[in-house]
Amino acid sequence: MLFPTSAQESSRGLPDANDLCLGLQSLSLTGWDRPWSTQDSDSSAQSSTHSVLSMLHNPLGNVLGKPPLSFLPLDPLGSDLVDKFPAPSVRGSRLDTRPILDSRSSSPSDSDTSGFSSGSDHLSDLISSLRISPPLPFLSLTGGGPRDPLKMGVGSRMDQEQAALAAVTPSPTSASKRWPGASVWPSWDLLEAPKDPFSIEREARLHRQAAAVNEATCTWSGQLPPRNYKNPIYSCKVFLGGVPWDITEAGLVNTFRVFGSLSVEWPGKDGKHPRCPPKGYVYLVFELEKSVRSLLQACSHDPLSPDGLSEYYFKMSSRRMRCKEVQVIPWVLADSNFVRSPSQRLNPSRTVFVGALHGMLNAEALAAILNDLFGGVVYAGIDTDKHKYPIGSGRVTFNNQRSYLKAVTAAFVEIKTTKFTKKVQIDPYLEDSLCHICSSQPGPFFCRDQVCFKYFCRSCWHWRHSMEGLRHHSPLMRNQKNRDSS
């Protein structure tokens, strides 16, 4: 019997240490099966003078004379308990503990941890409500020790009360569902920070690869316009496709240094595969343009191609492949731009960005394809890197708004030629612009949907696209490579 009944209380007073020991042993708790006298003779003598009320305000370890536990001080033991439990009444020199034991907290009455009840089950109910996993956070300053069941019980009850409060607190989303007829201001969603602060950037990056997962809305098939070059000037960078799988950078340099000094660029190369080309192709960057000419002269090619595009092949070997033909794709600088009407003024607002271009597609061919599909093409340009080699994207300008919108609406076009088949992606060409909503912040995000078709800053994007029916819009951003390209 842990607590005496009311009849016994008047004659015996508060329980002594032996009664508490028997009660705690009946709970089958670890560490309570030993007599208290084995801890310390001095501390056991002092512990018998403590009352049950002092145990509620102090850790059990202090009552037993044990070193203090290394828990963080919990404020609810001081202030929260005073608010939740009525203050004990003073009767002479004794404190009556029955009001505390009979009191209830403000948590639901059906809860197992809603407070203490009268009788000998008080501490047993409290112990049974403890949550062992996950434990309450604490700082161990002395290397660990026994946990305070009273503090853990109060912390468990506080967690349930906070969860109950969160369950009844209406959120903006639940408010809009509860009253569907009410007009909810779009800035409701702005009160909650997005889970990922770069979610717009992530969506914009994903959109750049949209051609790989979307179906083409229209198809162009035919023969590319012929190419006639007179003393062409090449980029110092060439594409090398179909290289041996076991080739190394040193092997490439040894093979091609006979044409001049060069370096090797391996797209996708990382520390896991430092020896082999991860994608089966590399780029060779020569110091001089004449080195590219010498390489092309050493290649086998077919100059009688119907479209005038010669395919160059070079034979090389590796450690495990004695002879392998690799394809060499150079780039003529004149293929980077095509102007149909030199006197026509180019309007950036009627310019589209074309991505996922094939390496054999030059500016003139791109202009011819989009002019056949949409009409009104006056300019086409291929984006290049610092070596003036294509990076797989381009720009096309129209002379009328109708053709421009038709191209933007098409979005994905499949190009079929005798040499290759490629699906390209068409988006509005983006410039540096202020936000079209607030006109005070830069607008790096563009919405290509015809309902919006504006530049947005981050805040205005979240505000605008929090409205129902606009959340599916995909953002566009300028690619950093396009900023550095010429």
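Each Cβ is built from the backbone N, Cα and C atoms, and glycine gets one as well.
The region 'Disordered' feature in Swiss-Prot is assigned to 87-120.
Taken from Swiss-Prot, the feature phosphothreonine applies to Thr97, supported by similarity to another entry.
What Swiss-Prot lists as compositional bias 'Low complexity' is 102-120.
The domain 'RRM 1' annotation in Swiss-Prot covers 236-328 and rests on sequence analysis. Here the domain 'RRM 1' (236-328) returns a mean pLDDT of 85 for the predicted model.
Swiss-Prot lists Trp331 with the feature site 'Important for the positionning of RRM1 relative to RRM2', giving similarity to another entry as the kind of evidence. In the three-state DSSP scheme, Trp331 (site 'Important for the positionning of RRM1 relative to RRM2') falls into the coil class. If you draw a 10 Å sphere around the CB of Trp331 (site 'Important for the positionning of RRM1 relative to RRM2'), it holds 25 other CB atoms from the protein chains shown.
Swiss-Prot lists 350-431 with the feature domain 'RRM 2', giving sequence analysis as the kind of evidence. Across the domain 'RRM 2' (350-431), DSSP helix (H, G, I), strand (E, B) and coil residues number 23 helix, 35 strand, 24 coil.
In this view, Cys438 (Zn(2+) 1 binding site) is surrounded by 13 other Cβ atoms within 10 Å of its Cβ, with every protein chain counted. What Swiss-Prot lists as Zn(2+) 1 binding site is Cys435, Cys438, Cys457, Cys460, and the listing cites similarity to another entry.
Taken from Swiss-Prot, the feature Zn(2+) 2 binding site covers Cys447, Cys452, His465, His473, and the record attributes it to similarity to another entry. Look at His465 (Zn(2+) 2 binding site): DSSP puts it in coil.
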Residues flanking the Zn(2+) 1 site, with Cβ no more than 8 Å from the Cβ centroid of Cys435, Cys438, Cys457, Cys460 and excluding those residues themselves: Leu434, His436, Ile437, Ser439, Ser440, Gln441, Gly443, Tyr455, Phe456, Arg458, Ser459, Trp461
Cys447 (Zn(2+) 2 binding site): secondary structure state under DSSP, collapsed to three categories: strand
Rounded Cα separation (Å) that holds between Cys460 (Zn(2+) 1 binding site) and Cys447 (Zn(2+) 2 binding site): 12
Other same-chain residues whose Cβ falls within 8 Å of the Cβ centroid of Cys447, Cys452, His465, His473, the recorded Zn(2+) 2 site, in sequence order: Asp449, Val451, Lys454, Phe456, Trp461, Arg464, Leu470, Ser474, Pro475
Pairwise CA distance, His473 (Zn(2+) 2 binding site) versus Cys435 (Zn(2+) 1 binding site), rounded so that it is a whole Å: 17
Among Cys435, Cys447, Cys452, Cys460, the one of these binding-site residues whose Cβ has the fewest neighbouring Cβ atoms within 10 Å: Cys452
Cys460 (Zn(2+) 1 binding site): secondary structure state under DSSP, collapsed to three categories: helix
